[in-house]
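Asks: Relevant sequence annotations retrieved from Swiss-Prot are reproduced here:
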MOTIF     12-22  motif ''HIGH' region'
BINDING   143, 146, 156, 159  Zn(2+) binding site
MOTIF     327-331  motif ''KMSKS' region'
BINDING   330  ATP binding site
REGION    545-566  region 'Disordered'
COMPBIAS  545-557  compositional bias 'Basic and acidic residues'
DOMAIN    580-681  domain 'tRNA-binding'
């Protein structure tokens, strides 16, 4: 029996362009939704632009536009960029809608009626020049702890200290530069603590959150839930609060309600809407980043509980996107906009690469462009695409492009691939995409070995029917492999369906074979990544930043003196702090493969399974102490977040820990049973 699922991804804020960090979540969600549809479930995918708040109001003023016209332009740009990466929404809406306004007002009034809203006067910064109360991020000054200048009103970007805007020294309004004054104002608060027990019970029911997210929520429960300020003083771009004068809903109140507005706008039918949001006849699944867990794991479900709606069925929480182990940087050219990436590189390659890196946990997703090139060219193009192209062009032409029937050997190989279906389905459901990609490429290796063993390009010269048999087996296997891959690379899979002369590749027709059939013309499925395009993309990103921010470009920390960097991280006595030690991510790894490296006396090439972190390739200088054979199956300790290093023989993505010298090296191994990916503490 098919399921009914409503899926959302977090709403992009309407004050900037879509970048690769946004694409991570959009693609992660899209893969999951496509999979659900491919197995026959009814699944809707809703999103919207998050359009309210002071930053929108100020940005529009600087641009000489109304907030309404600006957010309309940005929403069109966002939709274009997101869909260019193959993200297929059922509705991409806006929070500045009539539906959202009505839902926000009715939810608030219900909460107020039920005693969950309280009014209280608070003191906050006010700019007499701009005649407005200032949000924390519109106040700047000197950090009260480290003395760093030009820091925001809520935290210091230099030392990391959090504080109140009142604690800033030499504070000023970031809009006009004048010194703000303190004024008292009435604010409205949502009594989140009223729902502590309900929220705990909700969290513990079923499989709502991954382990990391559940632990984080438990920390907040332990420290006690606090009231939440849901109002802002005018002028403010947002929805006016009913029964109040010059008060507006804080953007984080109406933003998640945008999921409901987008749903109703698409479904039209209130009966269908209520099946999801009131009656619980369908599942509601949110995909979010770990930085907004507090809002989606506490405020949002509590608001729904207090106003007669169903809380989400599941929160899928992911980590941040990093590049080479570091935050994305505009000055280094790694803070890449989606439109810039799509201009120079194939977006389906990035979808595939993200799938290779994405597990089901909250760990940050680190990408390396060296690894991107290697994975795509080797696993996607060399392994999977090449499997199809090598038997679908001239060889198939020489047999009038007609397939034969599967031999006994062919049926056996097809059955082996089909036996992985349940495992692959389970991995997709749990969002463990990296496992799916490993399984697919592993099966692809087996099929390619079959093709190489028979060499149909030679066989066609002497035995056409045997060659037809080999090609028939190869392409039936390719149909299965690309069906498994269909949620990730829909464009490639669509081209393959055209080749097979069938409407689509779906899990619903997975077991159907293609025999005694004339195939369509072969169209190139995908090309290899050219490294020069990556260089051009990064250069353009850096140059764009430098032109628009000449002063910041001069202060690029990546160009600072190396001695200064060293002295900032290691103290004179040689000690490091616990914070510095915590940056090193040590995990248990299971060695899956080990091979000698041709032309290297000391190196072994090792593939290490790190669980949800995926498979890491490592070039380890341990050949004098270990044979390749004795390493396979061994559990070791791995530095998992080491910056990938391009070596002569390939990309090394991690480091094995060992002690000793030369021929007496001894690998660190867990003392007791441990699972791949376990974090050392």
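Note: Cβ is positioned from N, Cα and C throughout, glycine not excepted.
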Asks: For the motif ''HIGH' region' (12-22), what are the same-chain contacts with Cβ under 8 Å, counting residues 6+ beyond its ends?
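Replies: Result: 49-51, 53, 55-56, 59, 70-71, 74-75, 77-78, 81-82, 320-321, 328, 335-339, 341, 350.
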Asks: Rank the binding-site residues 143, 159 by the number of other Cβ atoms within 10 Å of each Cβ and report the first-ranked residue.
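Replies: Result for the most crowded candidate: 143.
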Asks: 10 Å Cβ neighbour count around residue 146 (Zn(2+) binding site)?
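Replies: For residue 146 (Zn(2+) binding site), the 10 Å Cβ neighbour count is 12.
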Asks: Please report the Cα separation of residue 330 (ATP binding site) and residue 146 (Zn(2+) binding site) in Å, rounded to an integer.
Replies: 25
Asks: Tell me which residues of the chain lie with their Cβ under 8 angstroms from that of residue 156 (Zn(2+) binding site), as long as they are six or more apart in sequence?
Replies: 143, 145, 146, 148, 163
Asks: How many neighbouring Cβ atoms, not counting its own, are there within 10 Å of the Cβ of the residue listed as 'ATP binding site'?
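Replies: By my count, 20.
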